[in-house]
Amino acid sequence: MMLGRTSRLLLVLLFIAYATTSGNGNEGSKVGSCPCDHTVSSHSPPNENIMRHLRKYLKAYQRCFSYVRFQLPLKNVCGGSTDGWVQELMHCFDSGECGHAQPRVVDAPLHRTQLPEPTEAAPSDTATTSQTYLPSTLQRTQQPTPLEGALSLDSKLIPTHETTTYTSGHSLGAEPEAKENQKQLKENRGPQAGTSATVPVLSLLAIVFILAGVLLYVVCKRRKNQLLQHPPDLAASLYTCSRRTRAENGTL
């Protein structure tokens, strides 16, 4: 009876140990409404290059149970809600100093020359050449909010293929930097993932050894009690006395 209770207790403890160690990284508690592609540990915060990448490409962030998820164009990055770099990034995004969702502040002044309407004799190549030397940052800033009276002039003077060229050039320049920062994120996350995967296995093995020792102790104690209650010499003497009594009764 005692052995059966001990076995049930062992099974319950093993189930509790497995349930407590099953959540690892993005799994367990972080699977649901806040999935994370990369999780940054509190012991190894991102370096300055990664922080610069996060400030530049941050689109939005979401407060989860015990961490914050930052949404980037390609992936999501999560960190503890009490970490310093997380608080800094949220404050930067809320104040409008970083991120795609906030308006950009352009330091260079806007110099725009009102060009006259082209005549039939003057070709439009001269006006097109003057627009080509404008910086791509100013062109991107002017496209969403054009100045009053200049919309018709831009549509006549700026070809569509030039705007596309500047946009694609900016994307090609930002792509190597994004790949390099993602590679650094993976390198920082590698040793941490190996350590976090080893700790649950060691704790589970320790629990199994402890429970096996408890079970062995209970079995040995039970056998000892049985030997004390029925010693071998006393049982043999009782058997001899019973045989003598039967022999005497048969003789009588």
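Residue numbers in this text run from 1 along the chain shown.
Quick reminder: no glycine exception, Cβ is built from N, Cα and C everywhere.
For CYS64, the disulfide partner named by Swiss-Prot among CYS34, CYS36, CYS92 is CYS34. Here the candidates are CYS36, CYS98, CYS220, and Swiss-Prot names CYS36 as the disulfide partner of CYS78. Across the residues of the topological domain 'Cytoplasmic' (220-252), the predicted structure has a mean pLDDT of 71. Annotation: CYS78 carries the greatest number of neighbouring Cβ atoms among the disulfide-bonded residues CYS34, CYS36, CYS64, CYS78 [cut-off 10 Å, Cβ to Cβ]. Comparing CYS34 (disulfide bond) with CYS78 (disulfide bond), their Cα atoms are 9 Å apart once rounded. Between CYS78 (disulfide bond) and CYS64 (disulfide bond), the C-alpha separation comes to 10 Å.
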